[in-house]
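Below you'll find the structure, written out as structure tokens, and then a few comments.
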Amino acid sequence: PSAALALLCGSAAAVVVWKWLGKRQIQKKMEEARRTRDEGVKKMAKAVQQWREQVPSAQTDTILSLPLLELTKRLREGSLSPKTVLYTYLEKALEVTQQTNCLRHFIPECEEQLQSIQRQSEKGLLYGIPVSIKDHIGHKGHLSTCGLVQCLDTLMQEDSVLVKVLKKQGAIPFAMTNVPQSLFNYDCSNPIFGQTLNPFNHQKSPGGSSGGEGALIAGGGSILGIGSDIGGSIRLPSSFCGLCGLKPTAERLSIWCPYLLNVGVCSHPTPVPCALGPMARDVDSLALCMKALVCQEMFRLDPTVPPIPFDEEAYSSSAPLRVGYYDTDGYFPLPPCMRRAVQETREALQAAGHELVPFSPPRIHYVMNELFLKTFFADGGRAWLDVFTGGIVDPGLKAQVNCCKIPKLVKKLLALILKPLQSLHLLKLETIATISTCRSVKEMWDHQHQIAVYRSEFIAQWMELRLDAVLCPVLGPAFTTRYPGKLLTAVSSTMLYNVLNFPAGVVPVSTVTEADEEELKLYQGFCDDPWDQTLKQAVAGAVGLPVAVQCVALPWREELCLRLMKEVETLRREK
């Protein structure tokens with residue numbers, strides 16, 4: 001017995017030591033990643049300082065104030081040099097990331113790209129434009145971390161297709177921006193690089209998962225960025241940070257990146273696909289970016305992308321639009337200021353000669369509780385849990401991770417007990433996530449068929465009303481940090497159009513007023529339950545922060561979506 005006890009104690013001690021060593025190794029990896037980032041920032045700061053000494057009279061404020069279209073014009077005609085513009089934005093990006101922690105890494109090869117474009121015989125549509133890209137968009141020689149420890153070992157061996165096309169069009173990728181861990185959060189925090197802050201209010205989140213892009217562009221440190229969106233990850237940061245952002249139809253732009261496809265991180269095949277898209281300060285910038293990207297070079301590099309060039313005629317048309325509208329989807333009531341934004345925008349569009357038609361998305365509870373969640377938690381969340389190496393989980397994700405860790409038998413019991421509540425729409429989404437699993441291959445195929453059926457139903461309703469586009473709300477204003485992880489439920493306004501795979505964009509139209517803040521005190525949601533109260537807490541203290549609306553079009557009609565966004569933006573500026 002004493003020998004057995006000694007063996008047992010020895011084994012237990014060995015397990016403890018093994019786990020400690022594993023965690024220590026993970027900590028070393030994270031420390032090394034942070035050290036590499038900090039060294040890169042120092043090198044870039046030194047390079048900017050040297051440039052400043054060489055060109056002390058550079059009119060950086062003027063350059064930073066130029067809209068993208070005007071900046072491209074001056075670069076192409078030669079009145080501004082690409083080097084001056086690049087270092088102006090590098091300098092500003094250093095300032096913004098010191099305040100908000102928005103950058104994951106500078107791209108030192110931007111100097112090589114600067115030299116390369118000056119040797120090109122033809123100037124591309126984005127000639128000399130510094131562009132920031134989201135962390136997981138592959139750039140040769142750099143990590144694509146997704147905020148995960150397991151992605152800290154392998155550098156990209158080649159550029160992603162999108163980066164190659166940007167470079168072909170003369171753009172200069174200069175920075176990679178921070179993201180939430182695993183990208184499955186609309187806050188922007190991970191255990192490796194920390195929390196990114198909203199540049200307008202450091203108590204608030206910039207949104208996510210393209211939150212680093214949102215903070216950098218809103219702070220003035222980038223004029224054009226590329227994000228990704230699978231539940232609102234372009235549109236929510238755009239809403240929180242007062243930017244314009246477009247989620248295209250998923251296949252309109254290439255998402256091809258060999259490393260991420262090989263390791264399977266953030267790239268599992270799904271009937272609700274991920275889309276890459278632009279983020280900027282105005283709608284014309286989004287249109288120019290889309291025009292530059294949907295080109296022969298992209299169609300050549302990725303034959304799976306439909307060869308559909310940008311429809312300038314649809315974007316530039318002045319014909320009146322027939323626009324459907326709603327100010328609530330009936331699933332999660334948004335704060336009063338977001339509904340006000342839709343109502344005021346509807347009135348402005350009507351006054352400008354457009355036809356506005358009431359529209360109600362069908363069966364939104366079914367979309368959220370069944371279609372969307374079964375897509376991502378078909379296996380009970382096991383694949384998602386696998387990415388959290390060593391159990392390192394960001395605080396903003398712990399609630400969802402803990403739900404997914406509930407044993408299978410307990411989940412089945414919960415499904416049986418809680419089914420009546422689900423039919424009454426009283427069940428918290430995070431709880432549904434633990435029980436909405438596909439229990440067989442047949443059930444998975446049926447689920448994908450149900451998504452296709454719902455898309456057909458939605459399109460039929462759209463066509464019956466003869467709509468060109470839809471105006472609707474988007475979640476906002478900016479949440480206090482850490483709150484997004486408590487309210488996955490609240491993103492139904494954006495998730496719907498990922499399930500449908502419709503192009504959708506966000507444009508700011510107003511700011512939170514004192515009257516909005518007073519009205520928020522009376523907000524009760526549907527039931528004045530803990531989640532409604534949590535939303536009140538999340539958005540409180542937002543006076544002066546941006547308020548946005550969402551514009552939607554049918555698949556492959558990005559230009560029409562941008563057209564409505566441009567109309568909204570123009571009316572806002574006139575007001």
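Backbone N, Cα and C atoms are what each Cβ position is placed from, and that goes for glycine too.
In TrEMBL, annotation is done automatically, which means it is predicted and not curated.
Look at TrEMBL and you will find LYS134, SER209 tagged as active site, charge relay system. Taken from TrEMBL, the feature active site, acyl-ester intermediate covers SER233. Residues or ranges marked as substrate binding site in TrEMBL: LEU183, SER209, ILE230, GLY231, GLY232, SER233. Feature annotation from TrEMBL assigns domain 'Amidase' to 85-562.
For the pair formed by SER233 (active site, acyl-ester intermediate) and SER209 (active site, charge relay system), distance between Cα atoms is given as 5 Å, rounded to the nearest Å.
Residues within less than 8 Å, Cβ to Cβ, of GLY231 (substrate binding site) and separated from it by at least 6 positions along the same chain comprise TYR186, PHE372, VAL491, THR494, MET495, ASN498. A Cα-Cα distance of 14 Å separates ILE230 (substrate binding site) from LYS134 (active site, charge relay system). Considering only the recorded positions LYS134, LEU183, GLY232, the residue whose Cα is spatially closest to the Cα of SER209 (active site, charge relay system) is LEU183.
On a Cα basis, LEU183 (substrate binding site) lies 11 Å away from LYS134 (active site, charge relay system). When other Cβ atoms within 10 Å of the Cβ of ILE230 (substrate binding site) are tallied across all protein chains shown, the result is 22. One way to see the shell of the substrate site is to take the Cβ centroid of LEU183, SER209, ILE230, GLY231, GLY232, SER233; the remaining same-chain residues with a Cβ within 8 Å of it are PHE184, TYR186, GLY208, SER210, SER228, ASP229, ILE234, LEU236, CYS274. Whole-number maximum of the Cα to Cα distances across the substrate-binding residues LEU183, SER209, ILE230, GLY231, GLY232, SER233: 11 angstrom. Cβ-based crowding with a 10 Å cutoff singles out GLY232 as the top-ranked of the recorded positions LYS134, LEU183, GLY232.
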